[in-house]
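Taken verbatim from TrEMBL:
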type	residues	note
TRANSMEM	B:6-25	transmembrane segment
TRANSMEM	B:37-57	transmembrane segment
TRANSMEM	B:63-86	transmembrane segment
TRANSMEM	B:98-120	transmembrane segment
TRANSMEM	B:140-161	transmembrane segment
TRANSMEM	B:194-215	transmembrane segment
TRANSMEM	B:227-251	transmembrane segment
TRANSMEM	B:263-280	transmembrane segment
């Protein structure tokens, strides 16, 4: 479904990504683990078309090459990104944010169905549809961000550090929502520092370090891998 | 006298609101500080004058030419002059400086063409200049029509921006340009549309102004300054803010001219502006969206 091959990215002389390759299958949930500065955000941004990697890379989605595509083109192929910091429109209402989620041509005539799906996943958003997003709590804003991404009817949903800055109770709620989204048949690609929670809902995981992929494996194996435990779980558990 | 002053204030304020809405679209969404904005207003005022004086065509028809004409002109100016600046700009600040310098030059080009064509004299024409009876006072029919046109156009643009997906997408670009691509909005296209829409409003405003005010080929800069003050008072990119601040300024200017001294109108404008900047530096209506 999603295939990334030999993706490198430079910001000036700083190497953000060094020949990264990865795959996400249909209805598969994949998590990328790594410390800050490991290039995880750059990877998601490159896939979304917000930045473009060095020539020679290949990114394809359902067989369609997208390594040079613009962000709205990538969205039309069925990939949606919930960026770090959420990227929602704070001065607009919940309903307006969600409606804009269905701005993509692939989703425009399915807007009502999209609203139904999002409101069934996040009933609280239905109650607050007229509220301005910047007056909501962090957890609610994250719901808006995820809901808005779902409105574009993606086949692959990418999330960059969705639990960042949220209270532990809210993080639990967030991952339960992601698990429900996963069960609807969507593919998920998640970048997370919360290793335990994300591996618990993932099928597979990659380890990223200094712009490179240094390891990969099935989620249950990674969860019990002493190296992973040392590197990540010690700090968070 | 109070009713007369309030009505005149609303006429002036309605026109200001219309002009400021156009500028707030250009500055807030397209992120272009267009110093030649007032020149577009004056071009439309002269167009209306020429059509009425030489061909006997009513300003209401001139409006139907000015609206699409202003749109096309705005679209062309953005595509030819602004888009290259946007593409090469390293950040928002450098785009602001480049666009100010470029439109400052454009101001003199358009002003020069107007001076060559129409001369430097005060210009006006007499259209619907009979007084009508309203709320127990008398008001020139052309002023009443100006108010109606400003209200209709202002309401139309407000509804388009708040009730349609296209308008919501434009506001989304004003609120968070970095996030707009995430939902598939083409930011450059949105900027071009907003700039063109601003041009249409400037042209409409010019026609409305010419119906009841005297103007010259060089009075564009006054309108640019007033529109800019209103935009900042209302919060950059804030449509409702531009509308309210425009009405407020029109009323304040007319009240001071009626009850204090007509010579103090400009002082009132800047006094109000200073007060807003000191009291609420991001505009009367919340954050300046930038």
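Here the Cβ of each residue, glycine as well, is placed from N, Cα and C on the backbone.
The recorded stretches the transmembrane segment (B:194-215) and the transmembrane segment (B:227-251) do not share 3+ CB pairs below 8 A when only pairs 6 or more apart in sequence are counted, and are therefore not in contact.
When Cβ-Cβ distances under 8 Å to the transmembrane segment (B:6-25) are tallied for each of B:37-57, B:98-120, B:227-251, the top count falls to B:227-251.
Within the same chain, residues 6, 9-25, 27-29, 37-38, 154, 157-158, 161-162, 171, 174-175, 269-270, 272-273, 276-277, 282-290 sit at least 6 positions outside the transmembrane segment (B:227-251) and bring their C-beta atoms closer than 8 Å to a C-beta of that stretch. Within the chain, the transmembrane segment (B:37-57) has long-range Cβ neighbours (under 8 A, six or more residues past its boundaries) at 19, 22-23, 26, 63, 65-66, 69-70, 73-74, 103, 106-107, 110-111, 114, 117-118, 123-125, 127, 198-199, 202-207, 209-211, 215, 217, 219-225, 227.
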